[in-house]
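Novice: Sharing a structure with you now.
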Amino acid sequence: MTALPDKTDRKLGLVIDLDTCVGCHACVISCKGWNTENYGAPLSDQDAYGAAPSGTFLNRVHSYEVQPLATSDKVQPPAQLIHFPKSCLHCDDAPCVTVCPTGASYKRVEDGIVLVNESDCIGCGLCAWACPYGAREKDEAEGVMKKCTLCVDRIYNENLEEIDRVPTCVRTCPSGARHFGDLADPDSHVSRLTAERGGMDLMPEMGTRPVNKYLPPRPKDALPEIDVLAPYLAPVDDAPGGFLGWLDKTLEKL
Amino acid sequence: MHPAPSVIIFTTFSGLGFGLLAWLGLGFPDVTGWSAFAFFTIAYVCAVGGLMASAFHLGRPERALKAFTQWRTSWLSREAVTSVAALLVMGVYAIGTIFFDKALPLVGVIGAALSLLTVFTTSMIYAQLKTVPRWHTALTPVMFLALAIAGGALLAGEVTTAAVLLALAGVVVMATWLHGDGAFARSGTTLATATGLGSIGTPRAFEPPHTGTNYLLREFVFVVGRKHGTKLRIIAFTLAIALPVILLLVPFSHWLAAVAVLSHVAGVLVTRWLFFAQAEHVVGLYYGKR
């Protein structure tokens, strides 16, 4: 049923740290790998080795440049490069769910995950039209809509080691930029991170109330000016003896 | 938005077909027998043909029947339900006029209402989308209904009424264009709100996630042909509104009426192409495009 639940028991989601993401795209690759080999239709590629390759991805990493405003301290502050992973935000008011004509899209009451029942999906694409974040893509081979499942086949999977029962993007991230947990629980580490770091919603004006939060980049450190070569150029011994002493004297005479 | 031929043909012809059905249901023109058969054939070919064209953009058309289930929340599902209801009710009315020489006024009125409701539900599929600011306005359903009612009157041969309604539809189409041109800017959605990075400074898309294209860019970021927007609007307005009105105002002849209908259909096809091609989805912001 495509009516949204009034309230979900938990709000499982991701907190993505824009301060620590290094833009390595490992989450993109691990997501493509896990979700091609496991639950649902594989994420297909078209013309993968040809001139115009294209494919279905549930997670993509953009990169943005932000030019900070000049201040009296920094007349010409350096631009910041921010890597920006983007996947389904599992919105509380998910517009993709209510527009679905077949009931294939739904938001789970128990944990708030937004999923697609692929055997009911007619591939009309209206959910992708309704999503402001580009979280849904039509798989060209399967003809159905694909989206992030929050690795629903990992997080409850008792065949996996406990440490692996998180979305594969979180498990893979080498810089610790991705965090998974229950955002309805104020004591969860993701809720605490959001509170401490001022976690934010993307496009709040769309009224989608995303569950996933983004942690803004922290201000860059302002270190004192250091000449990194200076220590190597300063004399280390005023009166060397032995061979170096002889060399020093000989060179002085020349 | 990608102007897919399937949705352009679908919205144009189902609008005309259901517009004509609405007029027929209200008894304009008051025809029976073979004459009624001809009118209903045109209406059903347009309406059903349009609906079938829409099935071509589905990834899994064989499951299309499932689209009738979610009318509580989905405008697309409501459209499916009301369109079939309109076709069935008007079918009863058509059988009465064609085979029994008897119009059933109550059935006709209900059928006409359902026909217009179908056009309304179609328009709401677009108007509901906050993600496409140009469409997210009450003008969208007004424009769809105005064109369907005027086009229906034209097909129904209501010469004077059609001329007036076409002129009114022209005003609505103009208003839609003028209002739509500033809609994205007025929506307040920018790369700064999309990324939340506006507090630091002005963000700029630096590198896309990949060098190739993807479903999102193909479906939502359509920039080809925008530079001809003004010329195409003039062509669309001339064909859909101005020429048919002139042809209706000169002394009536069936040939001129046929030209008026063809001109109107061609014009509406161009307005629908512009409706999609000029609509910008907010997801384009993430890619530094619109």
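Cβ atoms are placed via backbone N, Cα and C, with glycine included.
Sharing the feature lines straight out of TrEMBL:
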type     : residues  : note
TRANSMEM : B:7-28    : transmembrane segment
TRANSMEM : B:34-59   : transmembrane segment
TRANSMEM : B:80-100  : transmembrane segment
TRANSMEM : B:106-126 : transmembrane segment
TRANSMEM : B:138-156 : transmembrane segment
TRANSMEM : B:162-180 : transmembrane segment
TRANSMEM : B:232-249 : transmembrane segment
TRANSMEM : B:255-275 : transmembrane segment
Novice: Test of understanding: applying the rule of at least three C-beta pairs under 8 Å (pairs 6 or more apart in sequence), is the transmembrane segment (B:138-156) touching the transmembrane segment (B:7-28)?
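Specialist: Answer yes: the transmembrane segment (B:7-28) meets the transmembrane segment (B:138-156) with 3 or more Cβ pairs below 8 Å.
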Novice: If you count Cβ pairs under 8 Å, which stretch among B:34-59, B:80-100, B:255-275 touches the transmembrane segment (B:106-126) the most?
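Specialist: Stretch with maximum Cβ contacts: B:80-100.
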Novice: So if I exclude everything within five residues of the ends of the transmembrane segment (B:232-249), which remaining residues of that chain have a CB under 8 angstroms from its CBs? That is, six or more out.
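Specialist: For the transmembrane segment (B:232-249), the list is 147, 154, 159-160, 162-163, 166-167, 169-170, 173-174, 177, 225, 256-257, 259-261, 263-264, 266-268, 270-271, 273-274.
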Novice: Go through the chain and flag residues at least 6 beyond the ends of the transmembrane segment (B:162-180) whose CB is under 8 A from any CB in it; none is fine as an answer.
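Specialist: Long-range Cβ neighbours of the transmembrane segment (B:162-180): 134-135, 137, 139-140, 142-143, 146-147, 149-151, 153-154, 156, 233, 236-237, 240-242, 244-245, 248-249, 264, 271, 274, 278-279.
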